Structures are given as structure tokens and as C-alpha cells.
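Structure, as C-alpha cells:
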Amino acid sequence: MKRLSVLCSLLLVAAALGTELPLATPCDEEACKLPDCRCSSTNIPGGLRARDTPQFVTVTFDDGINVINIETYREVLYGRSNSNRCPAGATFYVSHEYTNYQLVNELYNRGFEIALHSISHRTPQAFWADATYQNLVQEIGDQKRQMAHFASIPASAIKGVRIPFLQMSGNTSFQVMADFDLLYDCTWPTTALTNPGLWPYTLHHESIQDCIIPPCPTASIPGPWVLPMISWRDLNNFPCSMVDGCFFTPDRTDEEGWFKFILTNFERHYLGNRAPFGFFVHEWFISSNPAIKRAFVRFMDIINNLNDVFMVNSAEVIDWVKNPVPIDRYRQQQCKFTMPSICRPSFCGPLTGTHNQLSYYMTICNTCPRNYPWVGNPLGQ
């Protein structure tokens, strides 16, 4: 109890300090140097020519992992490799409620990236816009510990964040990321910097990125990287950040139309400055639309056989930007290796949610908690 009290006190102090962050100033490329600092820019890292630059593709899925959507992930992702014979990656931004942590462990052991998407994923969206430092410590900082504990994966492997509803929280979320040793955020869409696309950057200095869902950060916050969500363009040239958010699209039964739609958006990157191409989606959209699923699989089949395209975990993009090398050298690098993490599964329940008095069941890689884990009590103690 005493330890908890001390922790709460430290968090309150940190929250108070949150109002004293220095305002970001325009970026000086002579002073802001890799690997730890990069100005927001459409310039290719390392001054590489586009034809010498690896085209990274980041496939991401949001929300909880369960026995239903794991079947889609197994079907479309498992066993894929890039042309350099390294396993193809994908990133899962996982929210806590109804997540099966044994399956999170399975995805991690398959080499996919596990990232944070909040404990509660609560509504309304305005909560996230107005979230305090303390709110985001409990939703994001505590989720890192929760994820590591229940999924039996190293906390050091949890590097990314996506805030629910793509709702920016100003400086606050990035301050929490800096304080909890999180590497990058992939919440911030850009519709203005898509052709050429905006490359990842740090927040040491003022960002040039357009603020689509305010508030956006204005302070100088060394440490966290921004992995921009470069918007797609639908058939009427309207921007969309998530694939399932595009409005004017081919008919959902039109496999060929969707294949061409995906390829057109990909080529904007591939034939341009090769900024990372994101396929940001919710699993339900793939599983409930078989023609779109087939088009998606065809797209992955093509890029997995191109010598200059690499489907990777999102954190790997940041790693490359920190130390940019041309395609020929990148292809010679050793494949990433995930040290297997053992899951000793426990099926727990009914567990009472102290926030709503509902009964929950959960599968975890640890001993069962006394209560259903939630905001303010991430381990269910």
C-alpha cells in the first residue's frame, strides 16, 4: 500500500510538470541528427535516392485479440516471408477488454509486434482529446505493464502506441511515452503530406505535419518518434486514414477493383519518395468482406516477392530511419529474431469488473487475478 501511495505521488508530480514543457522551435537540420533526432520532412533519411531506398509496408490491426479474429490473422499472415527470406511483419495495437492474452503471446512468438491501444478504449472520443497526464499513465503507461504481465512477453518489446479513435491528446500522450520508454506513436494522420509522403520524425522541434484531429503536440519532447499515418485517397480523391474508413471505394464484392485500389495507393509511395506505406485496418473489415480479403492477400503476395519492398513490424521502420542503409545493404542484414516466450495459460473467471460490476472471463499467461484488470488496477489485484 505504501509503495502504491509513493507511486501515485510521483505520478501527480509528473502531471504537474506536464504544463512546463518548452515550446518546440523550428527544426535546424544541422543540429538535429540521426539516430536520436530527425526533423519532420518528406526527405528520404540518409539522403538516399528513392531507387536505393527500401519500401516498407506496415500492416496494422487495431483492438482486442480473441478466438474469432485470430483465425483471420492465422490465415492471411502466418508463414509469409519477404523476398530476403525474413518473416513478414505486422503490428497489433491491442486494447485490453475481452483480449485473450494467450493469443497475444502466440502472435508475439510468431514475430509480430504487439503495441498499445489503451486499457479501456472508452468513449466518448472527447475523453482522449482532453485526457490528463494521469489519465494516459493509467491507460497507456499501465497497459505496457499489464500487457507484459498477462501475455508473458518482455516489456522492452512493447514499443508502439495508437490512441483510440486516432484522437490526438496534444503533448500529453508523448510525454507519457517519453516517461514510460515507448518508442513511437502511430496515431497522427496526415492528409497534406502524402505525395511525397512524410517520413517518421522526432518531436525535439516543431512539426510540419498537418493537425487533422486536434490537439496535436506543440512542445519539444525528446524521445518518442512519430510514425505518420499517411492517408490513402479514395476513388473520389478524398483522404482516409484507415482502409475501412475510405468512403468512395469499389464495391465490397469487387475483388479486382479492390486489388487495383490497394495497388494504386501503394504506388503513390513506391513510385514516389518511398515513405512507409500503411495498410491500417480493423480485422472485421477483412473477415466480413471475402473479396477484399482476397484482394489483400493478392497484394501481399506481390509485395512479398519484390526485391525492394519489405512488409515489417512498425518498430522496424523506426530502427531503419535511425540508421538508414540502401536496399542492397538492408537485404544482407540478419533477420529479426524473437526469443520465444513461454505461456502457461490460465482460464480465469468469473472476475468482477469493479468499474461496472459485470462478470468477465479471460485467458492469460499467468496466475488468475482477484478482480478483472482495469484502469487504475491494471493487474486486477
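Keep in mind that glycine also has a Cβ here, set from the backbone N, Cα and C atoms.
Cross-referencing D63, D142, D179 with the Zn(2+) binding residues that Swiss-Prot gives (H117, H121) picks out D63. Checking the candidates C37, C39 against Swiss-Prot, the cysteine paired with C27 through a disulfide bond is C39. Fewest Cβ neighbours within 10 Å among the binding-site residues H117, H121: this applies to H121. For the pair H117 (Zn(2+) binding site) and C32 (disulfide bond), the C-alpha distance works out to 30 angstrom. Between N171 (N-linked glycosylation site) and D63 (Zn(2+) binding site), the C-alpha separation comes to 23 Å.
Reported as a whole number, the C-alpha separation between C368 (disulfide bond) and C343 (disulfide bond) equals 13 Å. It is 21 Å from the Cα atom of H121 (Zn(2+) binding site) to that of C240 (disulfide bond). Of all the disulfide-bonded residues in the list C86, C211, C365, the shortest Cα-Cα distance to C37 (disulfide bond) is found for C211. When the disulfide-bonded residues C39, C216, C240 are ranked by how far their Cα is from the Cα of C32 (disulfide bond), C39 comes first.
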